[in-house]
Amino acid sequence: MECCGGVRRERYAEGGKEREARSAEHGCTGGGGGGAAAHRIAQVRVDGAVFRMGDSHGDGYPSDGELPVHAVELSQFEIDATTVTNADFDAFVRATGHVTDAERFGFSAVFQHALAADPADVMSGASRTPWWIGVRGADWQHPGGRHSSIEGHGDHPVVHVSWFDAHAYCEWAGRRLPTEAEWEAASRGGLEGARYPWGDRLLAEPHGPDGEPTPSGGWRCNIWQGSFPYLNLLDDGWSTTAPVRAFEPNWWGLYQTVGNVWEWCADWFAPDYYAHSPRRDPCGPTDGDARVLRGGSYLCHESYCRRYRNAARSANTPDSSTGNAGFRTADRPTSAARAGAGS
Ligand SMILES: [Ca+2]
Ligand SMILES: [Cu+2]
């Protein structure tokens, strides 16, 4: 699961054992609109309904626990149309002075092609996933290391944020992380059982009815083309993160739930959870050591990680941060949001 879902912070020689006890909040409480004025992301309202959760195609890895497919009944909620951007996160940091886990620990995990740091900043590697490099000075403002910046990338997803950082943003914004079930329902966008947010086929037609090539060569999300982890052909146009609206949204108006960056969800992860989860508003096991991540990232490739799908699951420890994981937020509808929701 660490292939591209992200390496755990403790894999690096330094910093791994200093994890402090922080509140093991369940994660799917909160919200209520307290500070929502500061949160400017367009909302999609999802009406309460039943949907089929899990992998209907047999695409998943058994150890990820995408089975059994089961009916889930959700109450109405609203969810961000896009992931939280660098500009959004900047507003939060300016308002609160929040220091991210990557900054507190002094390092974060950078994919090898994104590295922009002096050799002295490169830490001993995670041997099972050598393409993940622990880099001192890598954080949300320096996604490749000290020699990188987010200048001109205000509309890209914020990355190098831990689950705790995402949770802190939500508290400030009067919101919460989506539950795993909410995330999957929203990513499906009403297409029951489909593999991807847009249907079952990965690629769009390469040419439109007018004979002109379709944008991004028919790619509908930002993943990896070529051979991982060395040769990225960039057929979709993007090496690392893409702007949060770079590809078409799903039927409900959510952008890039699949590909681009993994998205933290509220729930603790357990591979056997679907076998006994409640039908109504499930929000994960009561305890665990890793939080759910959804949607895959710019590093996914079918040769080793088919997790750029609605049903795919991953997880990481809540203080870990990587250059390919971010988040979007959710809430119960508020009166203000209802007025402009989904429009
Ligand atoms: Ca790409
Ligand atoms: Cu992947």
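Positions of Cβ are set from backbone N, Cα and C atoms, glycine also.
Among the features that TrEMBL reports, compositional bias 'Basic and acidic residues' is placed at 14-25. As annotated by TrEMBL, region 'Disordered' applies to 14-34, 314-343. As annotated by TrEMBL, domain 'Sulfatase-modifying factor enzyme-like' applies to 43-330. Annotated compositional bias 'Polar residues' per TrEMBL: 314-324, in sequence order.
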Surrounding residues of the compositional bias 'Polar residues' (314-324) on its own chain - C-beta under 8 Å, 6+ positions past either end: 1, 4-10, 19, 22, 64, 100-102, 105, 108-111, 114, 132, 138-139, 143-144, 159-165, 240-241, 261-262, 269, 289-294, 296-299, 307
Structural state census, the compositional bias 'Polar residues' (314-324) (DSSP three-state): 0 helix, 4 strand, 7 coil
